[in-house]
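Scroll down for the structure; my scribbles are underneath it.
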Amino acid sequence: MPQSVQVRNTHELYYLKTQRAQEKMERSEKGSKQRLRVCVATCNRADYSKLAPIMFGIKSQPEIFDLEVVVLGSHLIDDYGNTFRMIEQDEFDIGSKLHTIVRGEDEAAMVESVGLALVKLPDVLQRLAPDILLVHGDRFDALALATAASLMNIRILHLEGGEVSGTIDDSIRHAISKLAHYHAVCTRSAERHLISMCEDHSHILLAGCPSYDKLLSAHKRDDYADIIKSWIGDEVKEQDYIVALQHPVTTDIKNSIKIYELMLDAIISFNKKTLILFPNIDAGSKEMVRVMRRKGIEQHPKFRAVKHVPFDQFIQLIAHAGCMIGNSSCGVREAGAFGTPVINLGTRQTGRETGENVLHVRDADTHNKIYHALELQFGKRYPCSKIYGDGNAVQRILKFLQAIDLSEPLQKKFCFPLVKECISQDIDHILETQSALAVDLGGTNLRVGIVSMKGKVVKKYIQLNPKTFGERIELILTMCKQAMVDAVHLNCRILGVGVSTGGRVNPQEGVVLHSTKLINEWSSVDIRTPLSSALHLPVWVDNDGNCAALAEKKFGHGKGVENFVTIITGTGIGGGIIQHNELIHGSTFCAAELGHIVVSLEGPECMCGSHGCIEAYSSGLALQREAKRLHDEDLLLVEGMTLNNKEQVNAVHLINAARLGNSKAESALHTAGTALGLGIVNILHMINPSLVILSGVLAEHYENPVRQVISQRALDSAQGTKIMISELEDPALLGAASMVLDYTTRRTY
């Protein structure tokens, strides 16, 4: 019994212990929800002026927020006033001071400073473990903060993102915005910019500038005269002095130093008391300080040169100045709240929203130009501007912080807008720009074309085909090189070269084995090697009839047809056979020599040496021969036809004579069509295609005779074969191009 009690007590103790631990965890979780751990990191005097009002607001609500302060950058450098002391004077506990500035004040030093900050920040952020980090603006130190926090899965609230100004600051500001999870912006335009940058609208607060919470009540301060006297001199009156503050432009250091020197010369000439602040720590500041000292500004009776002025006093000095000059954001932002006239020099604030109080001197290239701007602006007063805030920014930001849901996934999401399909990704655009160089070696002309994937001849080049091999190769290369130059301007990417030529071709080797008599010195010719070596492109070569079939298969009536024959009617007769979607070459590359199908044992002699071939009856040369015979017998010309003595008789004259009723010409043309029809009947009986395509200049004249012969001579099972006239204008060029385009897009022919 006592043992069972002991067991029961052990279980009860374990249960009670577990229950207490769970309650403690719940209380801890509840407490953590009530106190948001906020880390504010400040890098210099300028960003502290924006962050300080928020820090005071956080500090005033200890039941909601737990504030941690990290100080780095130029705050800790003596030459820049050791401005961390003003943070201590404001009674903030600085949790960490990080010396992150590598001296040198040049571009390399800025990069090294970012690197040093990235080395030191992880330990601090890991120790503090904030729920959210507040980062301000567009400084390189802030970029290091945002980079470290984002990589350590710490939520980031970025202040004053989305704004547009000049120099490298724009790039840094936008980079921080892309790393940040939440944004508190000053203006409606900045909000729109962030939305256009695909930031989540629900994570953007239009708060206004926190510093405006102080600015807009600054006129109520009664001791401004004492502040003016303490910083500028006893004899200086309100609106009778200048505040000068100019920083280097890191993307154009040389020019910004020149503008700084011109500004100093203009102020010296203007002869008014001037409070001038040292430039910030950006690359080029050291050179600017040298210019200041070379001109004796620190000893000049009209100048008071200082490294730092506390912000609450600085805004009094700006509010009651006769003019502010330089390129500080304070001039185009805060000064507008008082209507203080401002002269903005150079490009550092290009694009920044400004009130009417700002006079821009973007090309500040002369002393006189700046001096004239001082004459125009000094002593004026402008209406107060509230572009950057209405005095309630801090209140909004604190509410925004409280509303952050820490249980929300940390992974940042971008809100990409719906956009129209970009033309650069449109399939039609791809088809238009991927192109081939096509070469057609005809009996008379040598043609080169730039042919797009869609079969459009983008540009064509025509020259007479030279008689010798050397001249022909040289001309092909010259025309192809010119086409490649033009292709760049036509936005065509050349994938390779296709060559269509008469005769028998070994396409595997790119060699013309035996050419027609129409092309001299064109047998046992390696075309591929010289073209590929000179143009640095892959080269394909095939017979012109085969190319015509390939053109129909890719671009014409043969698209999607498994078995068809193309017959090309021109100077000679050629063709190509597509069987089971493959081009037929034959064992010795002699297949589809359709022009040399014999249709009569006693027919006229063909150029191949045989008799009665289709080509001997139906080619352009055969029709020319008949036209000459009739002309010699004075049987060609009829009423409506003329022929001068110098004009050479050709096939066109025979066709015209037949059209005008010349029975002899009609008979010759009918014989030619019948011979072609007989040849096609033989083809139908041999390979039984589903389609025959007539191509070339004579095709339309042969369509009806061919149909008639098929209806009379073909077997019943072949009677239904379709006969169509090609609609392609350049079948040889298109076929040559198709070899390139099909292979390079991983399709075979």
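Note that Cβ sites are derived from N, Cα and C of the backbone, with glycine treated the same way.
As annotated by TrEMBL, active site applies to D544. Per TrEMBL, Zn(2+) binding site is recorded for H596, C606, C608, C613. Here TrEMBL flags 63-401 as domain 'UDP-N-acetylglucosamine 2-epimerase'.
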Return only the integer: C-alpha distance in Å from H596 (Zn(2+) binding site) to the residue listed as 'active site'. 15
Taking the binding-site residues one at a time (C606, C608, C613), which has its Cβ surrounded by the most other Cβ atoms within 10 Å? C613
Whole-number Å only: compute the distance from the Cα of C606 (Zn(2+) binding site) to the Cα of D544 (active site). 19
Report the same-chain neighbours of D544 (active site): residues 6+ apart in sequence with Cβ closer than 8 Å to its Cβ, ordered by sequence. D440, L441, G442, S500, T501, G502, I568, G574, A732, G735
Residues within 8 Å of the H596, C606, C608, C613 Cβ centre (excluding the Zn(2+) site residues themselves): G595, V598, M607, G609, S610, I614, E615, A616
